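So the structure is just underneath, and the comments pick up after that.
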Amino acid sequence: MRNALYSYGRLAARRPWQLLAAWLLVAAAIVGAWSVVGTTIDDDVRIPGSDSNRAQEVQAAVFPASALGNGTLVFHNADGSVTSTEDRTAIEASLRAVQELDEVTQVVSPFPQQPGQPAPRVSADGHTAYARVYFDVPSAALDEQAADRVLAAAAPATDAGLEVLPGGQLAKAAAGDPGHRSELIGLAVAAVVLLVALGAAAAMALPIISALVGLVLGLAAIGLLSQFGAIPDLATTVASMISLGVGIDYALFIVVRYRAARQEGDSHERALGVAVATAGAAVLFAGATVAVGLGGLLLAGLPLLTSLGWTAAVAVGLSVLAAVGVLPAVLGIVGSRLGAGALPRHRSNAPKAGWWRRIGEGTARRPWLAVVGSLMVLAVFIAPVAGLTLGQQDDGHDPAGTPTRQSYDLLESAFGAGVNGPLLVVADLGDAAGGDRAAMQQQALAVNSALASVPGVSSVQGPQVSDDGSAALWQVVPTTAPSDPATGDLVTELREEILPPLATDGTQLHVGGQTAAKIDFTDQVADRLPLVLAVVIALSFLLLVILFRSVVIPLTAALMNLLSVGAAYGILTFAFAEGHLTALLGLDGPVPIESYIPLILFAVLFGLSMDYEVFLVSSIAERWRAERDNRRAVVTGLGSAGRVVTAAALIMFSVFISFAGQDNPVIKMFGVGLGLAVLLDAVVVRGFLVPGIMVLLGRANWWFPRWLERIMPRVDLEAHPSAGETPDGLPPVGEASDGLPPVDGPILEAR
């Protein structure tokens with residue numbers, strides 16, 4: 001691999017325009033195909049084999065209209081009654097206009113068809129009513145234009161002075177696409193960090209360009225692959241966040257290595273070859289560690305997590321490709337002009353790495369102080385984890401003023417908290433009624449009566465019976481909100497106590513709906529969590545064993561990564577679950593942490609932490625293999641790599657934290673949790689804790705049994721020429737005088 005990368009780097013120096021043109025043609029083909037087919041989105045929560053999934057399957061087969069996209073239209077008259085002749089006439093006219101829209105399949109009026117029938121969708125005080133609107137596309141396919149058409153059709157009600165609000169999926173569609181504001185903010189802050197770190201506008205621009213190329217290619221590839229299996233909307237946001245962060249970081253490492261080689265006197269061609277062969281190889285390995293972490297999500301057996309895992313892994317892979325493939329071609333063109341637009345203090349010399357070297361020297365003198373101090377800092381961040389509880393979010397946790405929050409609050413005040421998360425009870429009657437519709441109706445009414453008598457049930461709407469009499473559906477409105485633990489207890493009670501006695505003569509009763517699906521989702525995440533953690537840790541450990549030819553370093557790295565993950569969990573608990581930072585983030589009060597968020601954070605953070613471990617310890621290992629002085633290797637390696645690793649972490653922090661400005665609380669959690677944890681990992685863990693432990697362990701860091709040496713494959717990140725050749729006079733780097741294997745090259749140098 002090293003020789004191929006070295007040759008590619010030299011080719012990029014000799015034929016940069018041809019190479020760049022080839023990459024642009026490939027990119028144009030991928031993006032062009034994506035522009036034709038788009039990205040297939042599906043936000044439905046499915047848990048294979050669960051009770052909610054069986055309910056969803058019966059519903060989709062027998063009641064296809066209700067299984068597709070749907071939403072609510074809320075009508076409110078603060079000063080009068082929506083049941084008045086004038087208001088009712090305006091509402092019914094609006095609903096007729098909505099029904100005539102091409103994408104609408106059914107509208108369920110809030111008013112009873114016959115006088116004297118109950119009207120569960122009209123509030124007791126008469127001020128509020130809501131209608132159900134069903135569409136011919138999945139919920140995720142509803143867009144802002146569709147919501148606008150529905151609201152425009154409701155003009156008769158608006159003209160009559162009624163307040164008309166979209167609710168549910170219709171409200172999410174009305175909120176529209178948040179656009180790319182977060183990405184732009186993150187890029188702007190990252191550009192400032194790069195300018196300070198690299199000292200020149202030209203050098204700053206290259207990582208940004210590489211990251212943008214990787215981002216666009218990643219989103220295009222994800223869009224094309226989504227044609228074979230729809231993905232949740234959240235997946236593209238998470239993929240964008242991770243792609244930008246790692247894309248800038250990976251490109252930064254290559255640019256820094258190229259510049260260091262030029263400052264050492266290498267020619268343009270040789271410097272680019274060395275940069276791609278050393279930093280480029282490290283980027284490939286680092287990308288693999290992130291992919292391992294994300295790949296662990298596939299073991300959860302949940303479509304949502306599977307989609308999040310593979311989409312983020314694809315995004316990382318394309319970011320790596322942009323850094324190792326496209327960036328060298330751009331560097332080949334820029335070449336000696338890399339210092340254009342230099343800041344005044346950078347015009348004479350590149351920045352020195354003295355500050356981090358002094359930290360390394362202090363750590364070497366007092367390693368126990370560095371270790372204990374770092375652990376105390378981490379303990380402060382980890383401590384809130386003791387109060388971590390997982391729960392469900394609902395639209396009531398969205399920022400005030402958003403369409404979803406407005407309709408949620410209005411419906412809750414008029415009908416109670418449970419109306420925003422109704423449960424669906426589905427009866428698969430099959431041949432239980434023996435074709436006797438009267439017997440089937442009698443059984444359905446028995447279910448209706450049992451449901452209505454359960455404490456915690458506010459109302460029961462139904463049954464809705466299929467045309468062939470094979471199935472029936474009830475909408476059960478709890479007295480508590482979807483995020484309330486009492487709602488989960490109600491689902492358990494229905495499944496285990498209320499419905500089983502009614503499932504006679506072959507009748508199958510299932511509890512479904514989004515609220516029940518999230519409860520099933522939480523249960524399965526808890527079941528699969530140990531497996532995911534074990535596999536990710538084991539594979540990451542194995543990768544580091546192969547890279548560093550050590551058992552101790554991978555073991556300590558895994559433990560350090562777990563501390564970083566624990567700190568991320570503590571940050572989320574403090575900021576969101578306990579509500580200490582929610583006001584600052586535009587939220588009201590404590591927000592529960594969804595069950596899948598800690599799992600995804602673990603997968604992403606474990607991979608990113610391994611990145612910094614690779615770049616830092618590779619620099620230390622190079623000195624160790626050359627000099628066999630562990631203390632000196634730690635000091636010199638930290639001095640060389642510390643500054644660039646810190647700059648990379650600041651960039652990653654800038655990108656991640658910019659996503660905290662989005663309305664979605666889940667995205668806010670990812671932005672805050674990942675951003676702060678990455679910064680903490682790079683500064684505290686890699687800057688102080690890891691060097692301190694390595695000083696204390698001494699030569700034990702590099703212990704590697706002979707039997708492992710024989711069976712483990714070798715990964716060398718140095719740019720050795722083939723067969724002992726030294727093209728352009730490039731000497732082999734890092735040959736150990738004692739006959740040990742060639743050393744890893746100095747991946748990062750901040751001179």
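Placed from the backbone N, Cα and C atoms, the Cβ positions cover glycine too.
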Which range, 21-44, 237-260, does TrEMBL list as transmembrane segment?
237-260
Restricting to the domain 'SSD' (529-695), what is the model's mean pLDDT?
88
What stretch in 272-302, 308-335, 367-390, 596-621, 633-657 has the biggest tally of Cβ pairs under 8 Å against the transmembrane segment (237-260)?
308-335
Is the transmembrane segment (555-576) in contact with the transmembrane segment (367-390), using three or more Cβ pairs under 8 angstroms as the rule and ignoring pairs under 6 apart in sequence?
yes
Residues from the same chain, set at least six apart from the ends of the transmembrane segment (529-548), whose C-beta lies under 8 A from its own
285, 288-289, 292-293, 295-297, 299-300, 554-555, 557-558, 561-562, 599, 602-603, 606-607, 610, 613-614, 617-618, 621, 708, 712-715, 717
Give the nonlocal contacts of the transmembrane segment (555-576) in its own chain as ranges (CB under 8 Å, at least six residues past its ends).
378, 381-385, 387-388, 537, 540-541, 544, 582, 585, 587, 590-593, 597-598, 601-602, 605-606, 609-610, 613, 617, 665, 668-669, 672-674, 676-677, 680-681, 685, 689-690, 693-694, 697
